[in-house]
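As structure tokens, the structure follows; a few thoughts come after it.
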Amino acid sequence: MLRSWKNKFDFRKFAPIHSDPNIFISSQWQRNKTDPNLIYLIYRTAVMLFFFITWVITIVRESGKGKWPIFLTNWGYTTNTVQATLAFIMLFFSYIGSTCNKPKIKESVLSLYSVYWVAYNVASSTGLVISVIYWTVIFDANKIALDALNFFVHGNNSILILIDVCIIAHPFIMWHVIYPVMLGTIYSIFTIIYYAAGGTGKEGRPFIYKIVNWDKPGMTLGVCLGVLIFVIIIHSLMVLITAARQKLEKKLRSKKLDITVETKKQEAAYVNEAMTDVV
């Protein structure tokens, strides 16, 4: 019985390891998932530039205040920027390697895929959670300006996450929920340490977010646990979206193959009929 339990609970399932690294530089919708695709490279470049530029702007905007690193939004946005940058780097150098017929370049850069996969899991699940919590609980129109940057960081990021999960080819695995949960746990511990050290939020109060106030430990602990559960729910949703994406692509490809086969049969029939008429 113990052996059976160990077989089901295999710690190797948590590892970000895949048998085909090429899938991390491919779109679900490209035919050849072995060679880098130029259109997909253009898409990855645009996503990387958006995240990197807006990420830099958030830092510059908060420079001199010393509060930028304390917000979960910025932790999440940083992981989004990291994963977008890694995705671009892997695809860009793979494309260069394939174009210049230097496979070692591609082989070398694809060694980053495990780091990217972890960053992607963290960025996607936590990014969506942060957006939902921000707009439903934290945002106050009387105190917080709804400008372009605010929307980009708390809204457009999630839009891009949802678009991306419909485009990428690599899987979203339930076991990998451990990574966004780890980030949430680390941030919760950070807020405790920050509170104990006398840290304050933007308005000088002894908490970063009103819902994470360790002057009320019972309520705050409940909030932290609730958020971690929400992370698991969102991660599960991403797994379902991935499964739907893969199923749809397989169905469309199968349908297209059936049409191609039927067309070839009709062409063969026409040829046979023409040959019969000639005879």
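Note that Cβ sites are derived from N, Cα and C of the backbone, with glycine treated the same way.
If you check TrEMBL, you get these features:
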type: TRANSMEM; residues: 38-57; note: transmembrane segment
type: TRANSMEM; residues: 77-96; note: transmembrane segment
type: TRANSMEM; residues: 117-139; note: transmembrane segment
type: TRANSMEM; residues: 151-170; note: transmembrane segment
type: TRANSMEM; residues: 177-197; note: transmembrane segment
type: TRANSMEM; residues: 217-244; note: transmembrane segment
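Highlighted: of the candidate stretches 38-57, 117-139, 177-197, 217-244, 117-139 has the greatest count of Cβ pairs under 8 Å to the transmembrane segment (151-170). Sequence-distant contacts of the transmembrane segment (117-139) (same chain, at least 6 residues past either end, Cβ-Cβ under 8 Å): 16, 18, 24, 72-73, 75-77, 79-80, 82-83, 86-87, 146, 154-155, 157-158, 161-162, 164-165, 170, 172, 176-177, 179-180, 182-184, 209-211, 227, 230-231, 234-235, 238.
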